[in-house]
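Shown next, in structure tokens, is the structure this report addresses.
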Ligand code: HAM
């Protein structure tokens with residue numbers, strides 16, 4: 001039998017219910033903060049990611065699914081969402097609409113990574129970008145939306161790690177600082193880092209090779225050379241977080257794996273997955289749109305790894321979502337099957353989720369199935385009930401039953417569904 005490619009996943013029932021519920025919550029919370037959905041292609045011209053994510057990053061260097069199409073054009077399955085959103089923003093002249101714009105997306109991303117828990121080659125992100133606002137308020141708003149989303153899912157144990165990556169003008173100074181700091185140990189760094197030290201010094205702090213990690217553990221962070229304006233910006237963001245009661249901590253080692261960031265960067269870790277499996281990452285990217293050939297429009301955003309998020313969902317949310325919330329309709333022979341189909345349609349039209357027994361099970365077999373699948377209530381109707389214009393509504397948890405008219409079914413259901 002043919003199996004799925006390594007690093008991909010099938011999301012099948014009952015787990016798929018969790019995904020639907022998480023995504024519905026994202027649509028609801030993000031839209032409530034004024035965000036609009038944007039959908040961009042799953043593949044883009046390779047050049048887009050090289051220019052935005054950065055040539056010297058691991059993502060571009062080692063992890064992209066790049067291929068030539070039939071005309072020999074180099075295309076890449078998107079490794080992340082921000083570059084495509086920025087491109088689409090410019091290409092569709094969204095900058096002609098009032099700024100800022102809050103755009104969100106949910107969809108698959110692709111990175112050729114070594115497989116481990118929470119790390120896949122096809123994974124899904126839920127992301128938000130606020131484009132066209134330079135103020136620290138926008139960074140703080142991003143994190144507020146993020147935490148409202150997490151709270152709606154029942155999380156109460158998450159912390160956001162924050163760092164300041166300074167402005168692009170600060171980078172050459174950081175290169176000098178790092179090179180002088182690492183002078184004596186330079187040749188102990190991996191070949192990649194020796195190259196990074198010249199080309200893109202910040203990336204040295206992102207190296208996963210243990211000897212490089214050990215060597216750079218005590219090097220000064222980017223903040224040592226950050227401009228006063230960038231410091232004031234990030235300090236304002238964190239003071240807003242403090243005032244809002246959002247748990248945050250300063251993490252000077254946080255550099256993020258993408259090159260477009262300036263000033264604020266942040267990540268969210270869950271106690272369950274630990275610091276090496278980040279649930280969400282984001283930050284400010286004020287030069288990205290200009291680097292892609294557009295006007296100078298600032299941006300800030302984040303993306304959540306949905307696969308990782310679903311893995312650590314609070315049990316109460318998961319239990320609520322997976323509870324069987326439909327009414328099981330059990331026709332008992334003769335004309336009742338057709339009546340059942342009509343009843344199913346009527347009930348759905350009135351907002352009652354149903355499952356119609358279509359396999360002709362006996363009452364005993366149907367009740368056994370209801371029990372196994374966790375249905376709380378079933379409606380049973382034989383020819384006798386139909387003749388009298390009633391159905392038997394059975395509450396399997398309470399062990400009670402009543403005869404009601406089909407019209408009453410929706411009324412009873414909807415009344416009980418009210419909180
Ligand atoms: P990122 O940190 O590369 O940022 O990815 C965001 C999140 O995607 C990670 O925190 C993680 O949860 C998830 N993720 C990344 N790689 C994998 C993988 N191989 N398997 C499973 N989950 C993964 C970005 O992509 C930026 N575009 C975020 C952003 C938006 N910055 C500003 N706006």
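Start at 1 and count along the chain as shown; that gives each residue its number.
Every residue, even glycine, has its Cβ placed from backbone N, Cα and C.
Per TrEMBL, the features are:
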DOMAIN    6-331  domain 'Aminoacyl-transfer RNA synthetases class-II family profile'
BINDING   80, 81, 82, 111, 125, 129, 256, 260, 261  L-histidine binding site
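Within 10 Å of the Cβ of residue 82 (L-histidine binding site) there are 26 other Cβ atoms, across all protein chains.
Listed in sequence order, the binding-site residues among 80, 82, 261 whose CB lies under 6 angstroms from an atom of ligand 1 come out as 80, 82. Per-residue pLDDT, averaged over the domain 'Aminoacyl-transfer RNA synthetases class-II family profile' (6-331), rounds to 95. Spatially close to residue 261 (L-histidine binding site) yet at least six residues away along the chain are 165, 283, 284, 285, judged by Cβ distances under 8 angstroms. In this view, residue 125 (L-histidine binding site) is surrounded by 22 other Cβ atoms within 10 Å of its Cβ, with every protein chain counted. Under DSSP, residue 261 (L-histidine binding site) is assigned to coil, being neither helix nor strand in the three-state scheme.
Among the record's L-histidine binders, 80, 81, 82, 111, 125, 129, 256, 260, 261, no two C-alpha atoms are more than 21 Å apart, and one pair sits at exactly that spread. Residue 80 (L-histidine binding site) falls within neither a helix nor a strand when secondary structure is assigned with DSSP, and so counts as coil. Under the DSSP three-state reduction, residue 125 (L-histidine binding site) is assigned to strand.
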